[in-house]
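What Swiss-Prot records for this protein:
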DOMAIN    26-414  domain 'Helicase ATP-binding'
BINDING   GLY39, VAL40, THR41, GLY42, SER43, GLY44, LYS45, THR46  ATP binding site
MOTIF     92-115  motif 'Beta-hairpin'
DOMAIN    432-586  domain 'Helicase C-terminal'
DOMAIN    634-669  domain 'UVR'
Amino acid sequence: MSKVFSLSSGFSPAGDQPTAINQLLEGLDSGLAHQTLLGVTGSGKTFTIANVIAESNRPTFIMAPNKTLAAQLYGEMKEFFPDNAVEYFVSYYDYYQPEAYVPTTDTFIEKDASVNAHIEQMRLSATKALLERRDVIIIASVSAIYGLGDPDSYLKMMLHVRRGDMLNQRDILRRLAELQYTRNDVSFERGHFRVRGEVIDVFPAESEHDAIRIELFDDEVECINVFDPLTGAVLQKDLPRCTIYPKTHYVTPREKILEAIEKIKDELVVRRKQLMDSNKLVEEQRISQRTQFDIEMMNELGFCSGIENYSRYLSGREEGEPPPTLFDYLPADGLLIIDESHVTVSQIGAMYRGDRSRKENLVEYGFRLPSALDNRPMKFEEFASLAPQTIYVSATPGKYEIEQSGNDIAEQVVRPTGLLDPIIEVRPVATQVDDLLSEIRIREVKGERVLVTTLTKRMSEDLAEYLAEHNVKVRYLHSDIDTVERVEIIRDLRLGVFDVLVGINLLREGLDIPEVSLVAILDADKEGFLRSERSLIQTIGRAARNLEGRAILYGDKITGSMERAIFETNRRREKQALHNKKNGITPQGLNKKVGDILELGKPSSRSRTNKAAQLNRVAESKGTYVNLSPQQLELEIQRLETEMYDLAQNLEFEKAAEARDKIHTLRQQFIMNS
């Protein structure tokens, strides 16, 4: 099979990377279901995985534990594979309040959600890429295990148009309406179509820039063009065929909807009898009214609010069967990479239970039929049985990953840069704050940064206040600070706006700060979740990207977790030093641009570029939008869209195109903020 992935990098594998790459590839070729890449912080695990993807030549899912790390991986993979389909699949909700009922106060909470249109477009683009090509890398969060439209129904609903086909104009419009596209002859936006005589323009839901024009003559498809919806410029002329994908993943053919309605009616009869027999008259009246309304909507429009609660019938699955998810779109020979697996794996297991308890209340009190319980994320057992060949990636793999992998663990301890793991010291608790202050003074003079981790939010606030009183430039992180502000705080730390960052459990996975030379762990001898072996190794690893990396553990005794973490760090350090000595390597500090943490990858060389997008105007800085809040970004996007349409109406297309390119930049930034 010819290679479909093209890895673009100025580096070649070094350190432990070549050995790890070969071991993982051999495992995949021999059919191993589970492997683990145990890679220390800063050892280039992402580059190793990129090489494995390129060599294995298979469609790949990479699952990350949160949106921040998913965005970071998306940016890195876009740079490694500029000519391949690197897609982003995370939850498209900016805000989500699920349907719920609180029996104690008799309070029903309606579902309320705000959908991020740009991320919705990226999700649709991801499934389209999986259906059309093999050179696909999907960066996903745990939302990938939640129910998605059935791929068979999705494929059946696609509209194929070929040049020379005999198609009635009204039939095309009817099919577009079935795909949930909206006709709008005035404002032409994504997910809309417009009609001008026998010319039909469609703006595909999964497309960011390009629209399709279908020209008919006497019910024959005469010409198919791709054009820029803003300027009207034709980009590709006279295509032989085109495929229009549904506007949403949750579309269903008419005959399936009618079948589902009959099954819903049957279930409603059974449920009403159960409630009447239990003398639950209010619940019986409630479920009858709500379900009848949904049935009417589905009959007339083909969908209803909360249609996902009938997914069992719409996807043709039996009671208790797993819902269709993104994994159903992945080819049989696909590859799954689970990043930071010690966190991600446990998240996968937790999703089902939380969702179940909320829905049981809705069913019991007559807000939903029992079949709504099958609208759920996958159970962990279902995920495990459905997952393709899997590689777990972590500096501290969990018990599950190690058990599943057995002896198939690829160690990546030696860094390409020759950097060693931090030196660890244990110091008494009694003088920890004053001792820490003196260590901070030493780092301030050198222009280095310090991370401090405490046990409670109150402790972090008090410590930050104490350090500030002693003229230390300090900030603290805790769970109340949202993702965007957290990224900005980390960026300010790297830029030297302040020198010390105090936190609780946030200074761990994916925190890439080469300027940090000291990690201080207060009350390290308090055994528990925050001071477990895995947590300690992860936290110590934050200083592993600096030549002067050092970790101080404050404790009056050495706990089992401390002992194991110190032993493992020292073992790695000895192995790294031996490799450096053997190969004559001098350790080199990392020099990573500060802006990198917020970048989401460069556009592919295939994508249509515009000179106005590439060149910054006079006095326009590249990072203009980096520090804007999500609300400010949204307002700026709305302002620019209004300006763009006004310019287009005034026939000032060059200026309108500049505004469009600015909107594109803002939307890329918005992914990180969502």
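Along the chain as shown, the residues are counted starting at 1.
Using N, Cα and C of the backbone, Cβ positions are placed for all residues, glycine too.
Features as recorded by Swiss-Prot, highlighted on the structure.
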{"residue": "GLY39", "record": "ATP binding site", "CB count, 10 Å": "24"}
{"residue": "VAL40", "record": "ATP binding site", "CB count, 10 Å": "26"}
{"residue": "THR41", "record": "ATP binding site", "CB count, 10 Å": "24"}
{"residue": "GLY42", "record": "ATP binding site", "CB count, 10 Å": "22"}
{"residue": "SER43", "record": "ATP binding site", "CB count, 10 Å": "27"}
{"residue": "GLY44", "record": "ATP binding site", "CB count, 10 Å": "22"}
{"residue": "LYS45", "record": "ATP binding site", "CB count, 10 Å": "22"}
{"residue": "THR46", "record": "ATP binding site", "CB count, 10 Å": "18"}
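In sequence order, THR48, ALA395, GLN412, ARG415 are the same-chain residues whose CB sits within 8 A of the CB centroid of GLY39, VAL40, THR41, GLY42, SER43, GLY44, LYS45, THR46, the residues recorded for ATP being left out. When pLDDT values are averaged over the domain 'UVR' (634-669), the model yields 80. Helix, strand and coil counts under DSSP for the domain 'UVR' (634-669) come to 33 helix, 0 strand, 3 coil. In terms of DSSP secondary structure, the motif 'Beta-hairpin' (92-115) contains 0 helix, 15 strand, 9 coil. DSSP classifies VAL40 (ATP binding site) as coil under the three-state reduction.
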